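Report on the structure given below.
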Amino acid sequence: MSRKQLALFEPVLLVQALTDAVKKLSPRAQWRNPVMFVVWAGSVLTTLLTLAMVTGQIAGSALFTGIISLWLWFTVLFANFAEALAEGRSKAQANSLKGVKKTAFARRLRAPRHDAQADNVPAAELRKGDIVLVKAGDIIPCDGEVIEGGASVDESAITGESAPVIRESGGDFASVTGGTRILSDWLVIACSVNPGETFLDRMIAMVEGAQRRKTPNEIALTILLIALTIVFLLATATLWPFSAWGGNAVSVTVLVALLVCLIPTTIGGLLSAIGVAGMSRMLGANVIATSGRAVEAAGDVDVLLLDKTGTITLGNRQASDFIPARGVDERTLADAAQLASLADETPEGRSIVILAKQRFNLRERDVQSLHATFVPFTAQSRMSGINIDNRMIRKGSVDAIRRHVESNGGHFPADVEQNVENVARLGATPLVVVEGARVLGVIALKDIVKGGIKERFAQLRKMGIKTVMITGDNRLTAAAIAAEAGVDDFLAEATPEAKLALIRQYQAEGRLVAMTGDGTNDAPALAQADVAVAMNSGTQAAKEAGNMVDLDSNPTKLIEVVHIGKQMLMTRGSLTTFSIANDVAKYFAIIPAAFAATYPQLNALNVMGLHSPNSAILSAVIFNALIIIFLIPLALKGVSYKPLSASAMLRRNLWIYGLGGLLVPFIGIKVIDVLLTLLGLA
């Protein structure tokens, strides 16, 4: 669920952006954008020339120079406005997060126990390692890990999702976020950060742009724009002696106008706004990016590692069948499977208990009265079970159970091997049940591939993105589901080490890899991946390792993250193409106007039939300023995104923004020229 979206032109934001745009007229602010700094310098110079003409210190048309100066200032203001509006939208989102931060007191425990003596201290005084007790109705004062207790927590202030979540000690759901509220029960929490370092603090800093640094692509584009600006500056500077030698020197005002119209002011003025808006759109999808670099990397990703459960399949695998080994009856298998699953709170574990009830009326036994030892599932052992009355019952993956049987001196039956293959070929997940060294049979867990996911993978393939399914299932099951879902490759029987090795393998081939994760065991792979989306419901280690956090904790969001990243890169590229193509029309407007008096042959370039030299120059300068305003919505919303191959996308954007960049100025400059003529300003 996403938080409330801001309107593109919120009235309050517009007023603030206008104020900020004026504040950004200072030289210190303009220096950060070299292209617009040149325009700013031209504005200052023409303003001084206007004043000198008005006071009679130099000859020239004060009205013409004054109008040129005014529109040059408008050009700078419009660029400032675009950046200020993008920043204002981000700050508004940050302010909504700041409302979550409340000055509160915390119960700091003197020992890591629920019943330990507590001191009431301001939440701001809590440090990493402090232990706090939080009760129903309290605001959780810090980020941390639950070390005792379990509670229902309202995280809507952070995630926008109204449904409460369960947070409890142990496992992957022990991480809590400061600023969320406990609805029931209590938690003992070990603070994991110092003041100012909480997840909420980092979210606010990121969204406000306080930590926004230029991304590598942004830096490369800025260098290109600076190079173009220097080239045009040198070219313009040589035109004055060139025209003077011809006997009719071009005025400084006209040369400044020519320079401003030729340098890439459109993309120069919108570049910063595009970057800020990209991070803002990511937040609109309920994803917090640690930097613009992370958003940009998402646009360059060409390998997606996707968890099978919850991303490709619905994630609610249910036990569908008991397939006993030769010499074992189905009821015996069901009874052992149910015992091994009594303490398993996963949907799969509960479904095994329920299936045994339905098939054989095996009632669920009281866990406490059994006096048994339960063995939890781990990523390393890949099995779980129970030790009860000298019985050692385990259920788990085929390889894990085979190793267990062989280590206990047993033999894995060939008929069970065949049953495992049959279940896997049908796309179900086989779990093998064993008692001691005796294999009892197979449980079939059936999962359902999400509707429409195959089409989404086909779209990603068109874009040149390889999809890899990550699953703990055996190779046969993984292959069946991979074929049904339409992924390009899969990693079966995945362990944290295998994921990390796979990421490094792709990166060694020069590819950019994106993945999701929520557990502490995912942290190494998340830290290695180029785009690492950690689930907000995951552990603190996972969130710290990733460079994005999905507040909805939805693994499928990774595909949307890639789309937003690509849209940002496409927007930047499209507007750069449009900006550079603009120069051609401005060239046809200003060159004849500036030099036709010296070289009448240049009148042939006046293909637009502009009214007069002054009108041509004014029209080009006015268009140059107005086009920034007209493109602000596109910079903030992003260009229309379609899943196409790189070559098809390039062709499409060249047609739309390249050809559009050529035609729009011809039309716009001519319309402005007609209006100026009608108003008597030509």
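In case you wondered, yes, glycine gets a Cβ from its N, Cα and C as well.
Annotated transmembrane segment per Swiss-Prot: 34-54 (among others), in sequence order, evidence recorded as sequence analysis.
The transmembrane segment feature in Swiss-Prot is assigned to 58-78 (among others); the stated evidence is sequence analysis.
Below 8 angstroms of C-beta separation, residues 34-35, 38, 250, 255, 258-259, 262-264, 267-268, 271, 572, 576, 580, 594-595 of the same chain, each at least six residues beyond the ends of the transmembrane segment (219-239), sit close to that stretch. Swiss-Prot lists 219-239 (among others) with the feature transmembrane segment, giving sequence analysis as the kind of evidence.
Sequence annotations record features per position, and here Swiss-Prot assigns transmembrane segment to 254-274 (among others) based on sequence analysis.
All protein chains included, Asp307 (active site, 4-aspartylphosphate intermediate) registers 23 other Cβ atoms within 10 Å of its own Cβ. Under the heading active site, 4-aspartylphosphate intermediate, Swiss-Prot lists Asp307, citing sequence analysis as support.
Around Ser381 (ATP binding site), a 10 Å sphere centred on its CB holds 16 further CB atoms from the protein chains shown. According to DSSP, Ser381 (ATP binding site) sits in a coil region rather than a helix or strand. Feature annotation from Swiss-Prot assigns ATP binding site to Asp344, Glu348, Phe377, Thr378, Ala379, Gln380, Ser381, Arg382, Met383, Ser384, Lys395.
As annotated by Swiss-Prot, Mg(2+) binding site applies to Asp518, Asp522. DSSP assigns Asp522 (Mg(2+) binding site) to a helical segment in the three-state reduction.
For 588-608 (among others), the entry in Swiss-Prot reads transmembrane segment.
Taken from Swiss-Prot, the feature transmembrane segment covers 616-636 (among others).
Summarising the annotation, Swiss-Prot assigns transmembrane segment to 662-682 (among others).
Outside the transmembrane segment (34-54) by six or more residues, the chain places 25, 27, 60-62, 65-66, 68-69, 72-73, 75-76, 79-80, 222, 225-226, 229, 233, 252-253, 256, 259-260, 263-265, 268-269 with a CB less than 8 A from a CB of the stretch. Ranking the binding-site residues Asp344, Asp518, Asp522 by the number of CB atoms within 10 A of their own CB puts Asp522 at the top. Per Cα geometry, Asp522 is the residue among the recorded positions Asp307, Asp518, Asp522 nearest to Ser381 (ATP binding site). Taking the C-alpha positions, the distance from Met383 (ATP binding site) to Asp522 (Mg(2+) binding site) comes to 18 Å.
By the criterion of other Cβ atoms within 10 Å of the residue's own Cβ, the least surrounded of the binding-site residues Phe377, Met383, Lys395 is Phe377. According to its DSSP assignment, Lys395 (ATP binding site) is in a strand.
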